[in-house]
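Chemist: Pulled from Swiss-Prot, these are the listed features:
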BINDING   G11, P12, T13, A14, S15, G16, K17, S18  ATP binding site
BINDING   T13, A14, S15, G16, K17, S18  substrate binding site
REGION    36-39  region 'Interaction with substrate tRNA'
REGION    160-164  region 'Interaction with substrate tRNA'
SITE      T102  site 'Interaction with substrate tRNA'
Amino acid sequence: MKKKEIIILCGPTASGKSYLGHEFAKAYNGEIINIDSMQVYKETPIITASPSQIYKTEIPYHLYNFLSITEDFSVIKYLKLAAKKIKEIISRGKLPILIGGTGLYINSLVFGYNNIPDITEDLQKQARELHSKIGNIELWNKLEKLDPLAASKINQNDTQRLIRAYEVFKQSGKSIFCFHTLPKEQILSEFNFKIIFLNPERKFLYKTCEQRLQKIFKEGSIDEIALIKKQLIPQDYLNLKAVGVKEILAYLDGNLTLDDALSATQIRTRRYAKRQVTWFKNQIKDKITLKYSNQEECTKILEIFPHLLIERNLKETQNTAPQCI
């Protein structure tokens, strides 16, 4: 029996994923599922460039802006939610289209994940309160005594990984890295994934990054982050690592001008986009890569989407503009 197909549309930030995925879903009876780790948070739809309300009224969107940044979230929790949504969409006779750029989520969904035990809410609270009280260096020192292996692999400045490693050891009595050596578990082995990687020419990508950031800064991201800063204490928004948050907080604290905050965010966004492209090129082998160097070529991708739904040798699509490899 032929496996049902799931589409993953991935690529760097500001590469056109949202627009292309939306048009694709409208044309081919699809529903969209988020596969971006920052777009799950409900407090930050603007800074994370989440789909607009107009988009959401045209077709169903799932797993966007549903979670508070004060809540703990993990790749395993995401996978369970995504698997449930995928099966529901297929049961309705529709096509699941996952859109995003978080490599860990994509890799875990397609190739399997390390089954690390769930952390109790009490332990999560204790770990965060401890970190808030003693800071990164002292928490790293505690981790080194408990789990030298994890401490040797985690930078003292990596707050989220430090807390996570501490939680896992306290919960299980084992290093988080011990779970990485076990066979990976597949959550959707009964389905076939077709991965489409959007890889715009770098100059064009950097231009779209700049345009998006200017729009985001003008359309409410400052107020969005100011509200979070007003309502929450810092330990409550450790999860919020979207590019631009740190820079806007620095502006709100009077440490950067608005122009400097925008400039710093643009630099960090370009670096982030470059890392994403490198990751997708090197880590996802079985994929269709679509290259384009301007908006017109990006839009033309919609013309070849029907061909991508058909099982075929990838060489057949190589001569179709935009370039497919």
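Yeah, the Cβs are placed from backbone N, Cα and C, and that goes for glycine too.
Describe the structural context of these features.
Modeler: Its own atom aside, the Cβ of G11 (ATP binding site) has 24 Cβ atoms within 10 angstroms in the protein chains shown.
For the recorded site, T13 (ATP binding site), the DSSP three-state label reads coil. Counting every protein chain shown, the Cβ of T13 (ATP binding site) has 23 other Cβ atoms within 10 Å.
In the region 'Interaction with substrate tRNA' (36-39), helix, strand and coil residues by DSSP number 0 helix, 0 strand, 4 coil.
The list of residues near the region 'Interaction with substrate tRNA' (160-164) in space but at least 6 beyond its ends in sequence, with Cβ under 8 angstroms from a Cβ of it, reads 127-128, 131, 136, 139-140, 143, 154, 176, 238-239, 241.
Of all the Cβ atoms in the protein chains shown, 20 others lie within 10 Å of the Cβ of T102 (site 'Interaction with substrate tRNA').
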Chemist: Under DSSP, is T102 (site 'Interaction with substrate tRNA') helix, strand or coil?
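Modeler: Once the DSSP labels are grouped into three classes, T102 (site 'Interaction with substrate tRNA') ends up as coil.
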Chemist: Using DSSP with the three-state reduction, classify S18 (ATP binding site) as helix, strand or coil.
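Modeler: Note: S18 (ATP binding site) is helical by DSSP.
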Chemist: Any idea which of the binding-site residues S15, S18 has the thinnest Cβ neighbourhood at 10 Å?
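Modeler: Comparing Cβ neighbour counts within 10 Å for the binding-site residues S15, S18 gives S18.
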